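Got a structure for you, questions after.
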Amino acid sequence: MTPPRLFWVWLLVAGTQGVNDGDMRLADGGATNQGRVEIFYRGQWGTVCDNLWDLTDASVVCRALGFENATQALGRAAFGQGSGPIMLDEVQCTGTEASLADCKSLGWLKSNCRHERDAGVVCTNETRSTHTLDLSRELSEALGQIFDSQRGCDLSISVNVQGEDALGFCGHTVILTANLEAQALWKEPGSNVTMSVDAECVPMVRDLLRYFYSRRIDITLSSVKCFHKLASAYGARQLQGYCATLFAILLPQDPSFHMPLDLYAYAVATGDALLEKLCLQFLAWNFEALTQAEAWPSVPTDLLQLLLPRSDLAVPSELALLKAVDTWWGERASHEEVEGLVEKIRFPMMLPEELFELQFNLSLYWSHEALFQKKTLQALEFHTVPFQLLARYKGLNLTEDTYKPRIYTSPTWSAFVTDSSWSARKSQLVYQSRRGPLVKYSSDYFQAPSDYRYYPYQSFQTPQHPSFLFQDKRVSWSLVYLPTIQSCWNYGFSCSSDELPVLGLTKSGGSDRTIAYENKALMLCEGLFVADVTDFEGWKAAIPSALDTNSSKSTSSFPCPAGHFNGFRTVIRPFYLTNSSGVD
């Protein structure tokens, strides 16, 4: 009788229970000390490619499995070809790691290998002479339970909010003195300690004190600021540093943008320059989403004054940016503050018809009419007068930011492709605007010769330059996602294995020695936020690792929880090369 389907599912699950990512085993070796190296990751076993495989790497495997060392590091599927995915490639260990997962490599599931390159090892027959029973993992919870009991204490801890007691705990000096993170509680003599805490952080104090015992703590988007604040105030340097690393992970998790704004305000108040810089970068790259978010009306004026001068502001267009400021304005800012913001708008980046319509579409216009007329005149000169005359008679430096584009994501200046490793041949990114309908961006795949693979490819055109003088002069572009060396060859690019995948960009037409380009590539995570922005250098743009791995590639500024980017937007950014001092 055939066992029911549920039974087989049970067998499958049972076979991987108790196995952790990075665990290793030897297969098909005919003896316990040799075989094909297999490593566990995300619920399944896979193999390791023999690229760069050496005795140091093999010894890490052998020691992890209880042997003294490795005697041979074998490749070319010496113990037969495995099945499942190639988990790791180009592994480079130092010899001290607990697992191959801790060694430098291309990262999980990133390999051009086939199973005929599976790595194997032969370990010494001798196992280690010392056998260890290690129950230390239970110690953390046991110490936490001592704190939970609130018994047998010799230290009184009062939690004070604005001069009034809010909570009380007791502690055990003998445990706390063993942890430098808790030194603020025991370095002063006496049996009484008072902690002054902001009201919003009171609910986190118990978890902080328990952390001093168990050395384990759970941190969420809503609690990270308070834990960072408490750790900073009470000298818990490891916790403080760990919270700092979480900000980049947690910032994108609040689509309302209240938390990023709150963290920015916290960074300014505490003088945390690194956190302030991180918040500004996230808000700049995701400025379009911010303007559509619930928190947009509450963005403080001083923050906008820092964001609006930036060239890395990602917005559909300069007109869209000005309209967003108009929506934000209302009655919240003074006349002088609003004028300061309008001064930072790049009017030359708006077309003449857009400039003309401002008087009919903006509530700001008539309350600041003189300023708008002045900025409009400046922009119209840029659009209608050749740059040589502007530089000669007006003394304008056309390389200033006012005359250069930001990161404009509208179809006029950008194109989108997806990652072919998970896309179908015809794909779409669907972005749900918080204030509008679904917007879909489609991406075609290049019809290559029959012996080629299909790779996401987009042909598009842009104006040669933002000036209206160039509106009839079009430049043709081709954007392609290149995941392999072969794909680079197919499309005329030279790539090395350690830089893949990359985006390739080619240009045809519109040659002008006075115009240069600073093109950008936006890494999009789950259609929800911009995780990173890279430059096109030599017509290629690097694609960072979506998550922090042991890969030699840099990690995305804001990690993508999915483990991959769902798409890439390329933005064309032309500008004049010359300035007033060099023009005849």
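Each Cβ is built from the backbone N, Cα and C atoms, and glycine gets one as well.
Bear in mind that the values here come from a model prediction, so they are computed numbers and not experimental data.
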Going by the disulfide annotation in Swiss-Prot, which one of C49, C62, C201 is bonded to C123?
C62
Just going by other Cβ atoms within 10 Å, which of the glycosylation sites N69, N125, N192, N397 has the emptiest spot?
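Counting other Cβ atoms within 10 Å of each of the glycosylation sites N69, N125, N192, N397, the minimum falls on N192.
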For a quick check of packing: other C-beta atoms within 10 Å of the C-beta of C113 (disulfide bond), how many?
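Result for C113 (disulfide bond): 18 neighbouring Cβ atoms inside 10 Å.
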Have a look at the recorded positions N69, C93, C123, N361 and say which one has the shortest Cα distance to C49 (disulfide bond).
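It is C93, whose Cα lies nearest.
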If you measure from the Cα of N69 (N-linked glycosylation site), which of the recorded positions C113, N125, N361, N397 is the nearest?
N125
Round to a whole number and give the Cα-to-Cα distance in Å for the pair N361 (N-linked glycosylation site) and C103 (disulfide bond).
58
Based on Cβ atoms within 10 Å, give me the single least packed residue among the disulfide-bonded residues C62, C103, C123.
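Looking at the disulfide-bonded residues C62, C103, C123, the Cβ with the fewest others within 10 Å is that of C103.
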